[in-house]
Amino acid sequence: MESENNLETFGSYLQSFRIKRELTIEEVAAKTRIAAHCLKAIEADDHEHLPPPAYVRSFIRTIADIVGANADLAVNLYRADLKQQETTRKLQLRRRAKLGAAKRTLLAAALIVGILLLLRYTDIGMSPTPSGESATTERSFSQPAPGEESEAAGRGLVAAKPREKLKLKVIAVEQTWLKVIVDGQNAKSYKLKAEERLELEGSSDFNLMIGNATAVKVFLDDRPVKIFGGSDQVVSLKIP
């Protein structure tokens, strides 16, 4: 009899004895009443097409008796192969779990990068407009009260003629948002509805970010400012 060290699998072990006895699969099937396809699966070590292990062990012993093989050795070879199959299956499951975790990590990283890019290009990170502040509020602060002008004239103060302020006017054609930096100060955000106006004054320049290039008309000292960009395109302007 072949030694256990020279054996590879339970299927090849049983097959070698069947061939020595010059028995066909059909003849063994007739003697054991085990279906031929099941005998072929056993000799091929095809676990996927075999019944539960308890049945397989019984089949192996029956086949071993017919072909003259050592039944205990054949069953032990089957158990060893079954254990190896289970180990391989667990390793595959672990690999799949690791691969799934890696994919989730990549997706999370891609999502974070996408959010950062969105924040950068839409300038969401800039300070929002304080509660209750509107275009009307900005106009009230940018223009001196009539009483203040009269009081200054009444005092007859003589001073050097100050530099004229730059006057910016924004007229909304449709609803949009914009952010404005006046003379390098902190940015302020506005939401304008159609036909709403925003008037600001500055000493040196204005920096604008407009949510929709075609949604507003901009004037500097009553002169129109050209805006380059299409519908729904975010644009930035530095005036003058």
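Along the chain as shown, residues are numbered 1 onward.
Cβ coordinates are placed from backbone N, Cα and C, and glycine is handled just like the others.
Positions annotated as transmembrane segment by TrEMBL: 104-121.
Taken from TrEMBL, the feature compositional bias 'Polar residues' applies to 128-143.
According to TrEMBL, the region 'Disordered' annotation covers 128-155.
Feature annotation from TrEMBL assigns domain 'Cytoskeleton protein RodZ-like C-terminal' to 172-235.
Only residues 6 or more beyond the boundaries of the transmembrane segment (104-121), in the same chain, are considered here, and those with a CB under 8 A from a CB of the stretch are 234. Across the range of the domain 'Cytoskeleton protein RodZ-like C-terminal' (172-235), the DSSP-based residue counts are 0 helix, 33 strand, 31 coil.
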